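Annotated features, as they stand in TrEMBL:
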- HIS92: active site, electrophile (ACT_SITE)
- GLU164: active site, proton acceptor (ACT_SITE)
- ASN9, TRP10, LYS11, GLY170, SER209, GLY230, GLY231: substrate binding site (BINDING)
Amino acid sequence: MARKIVAGNWKMNMLADDGQQLIQEIVKGAAEVDCELIVCPAAPFLQSFSMLKGNVKIGAQNVSAFDNGAYTGEWSAAMLKSIAVNYAIVGHSERRSLFGETDDQVNAKVHKLLADGIKPIVCCGETLEQREEKLEKEVVKLQLVKALDGLTEESLENIVVAYEPVWAIGTGVTASAEQAQEMHAFIRSTLVKLFGDRATEIPLLYGGSCKPANAKELFACEDIDGGLIGGASLKSESFLAIAQSF
Ligand code: PEP
């Protein structure tokens, strides 16, 4: 069985003081939750959070597909490792749509992270147009096949997958529990076909307007192992309430 995770993607929000206060509140509340918590602040604040212990882990929101050198504005997996970052989000739909991140780049990032012992949180998800054309499964499958190309069986235990329908991110519209479960079951079976039974241990997170009011119903679904939370991760009460929804 996959482990339970609730991850907060702060995106480009929170200044130093607000972030410190939020992380302290999360650390305080973490003892009350029965899952792993991952906090993904903006890159400038990663080092100040990376000494955290227990069930609160730190994640980056991105990583370079390159090792090192003349890549202004980028940071490498090795740099994240050097400040003890545990996870990194790759292939978030905002990276794909606003910054042109491709499936090949996502795949390269996954490999760089794994080589440095950092766990990738690999995002996938269809747009509204793709769902309306009933292409959602095809799109998600292709994203996963490409993102995870070349992975060894041993690396599976270090992978997390987040299904985030683009039409649900930051819109207030959540996928229904049925829609989410259907896609998660499809993702689970796709991963098993690709990698064998060990893939059942890959945590599958749902993301897209997840909040305390809908987390319980979503997390009760057989193939949903937790959430990747955007807006609702910026307040400790809502983030912790979601984490208490298993
Ligand atoms: C996200 O961006 O990963 C996300 C899930 O955002 P929100 O919860 O705000 O929809």
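Every residue, even glycine, has its Cβ placed from backbone N, Cα and C.
Taking the features listed in TrEMBL, we show where each one sits on the structure.
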{"residue": "ASN9", "record": "substrate binding site", "Cβ within 10 Å": "26"}
{"residue": "TRP10", "record": "substrate binding site", "Cβ within 10 Å": "23"}
{"residue": "LYS11", "record": "substrate binding site", "Cβ within 10 Å": "18"}
{"residue": "HIS92", "record": "active site, electrophile", "Cβ within 10 Å": "28"}
{"residue": "GLU164", "record": "active site, proton acceptor", "Cβ within 10 Å": "26"}
{"residue": "GLY170", "record": "substrate binding site", "Cβ within 10 Å": "13"}
{"residue": "SER209", "record": "substrate binding site", "Cβ within 10 Å": "20"}
{"residue": "GLY230", "record": "substrate binding site", "Cβ within 10 Å": "22"}
{"residue": "GLY231", "record": "substrate binding site", "Cβ within 10 Å": "19"}
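What surrounds the substrate site, by Cβ distance within 8 Å of the Cβ centroid and not counting ASN9, TRP10, LYS11, GLY170, SER209, GLY230, GLY231, is the set ILE169, ILE229, ALA232, SER233, LEU234 from the same chain.
Cα spacing between TRP10 (substrate binding site) and the residue listed as 'active site, electrophile': 13 Å, rounded to the nearest whole number. In this structure, the C-alpha atom of SER209 (substrate binding site) lies 9 angstrom from that of the residue listed as 'active site, proton acceptor'. The separation of GLU164 (active site, proton acceptor) from LYS11 (substrate binding site), Cα to Cα, is 15 Å. In this structure the residues listed as binding substrate are ASN9, TRP10, LYS11, GLY170, SER209, GLY230, GLY231; their two most distant Cα atoms lie 14 Å apart. The two recorded residues ASN9 (substrate binding site) and HIS92 (active site, electrophile) have their Cα atoms spaced 10 Å from each other.
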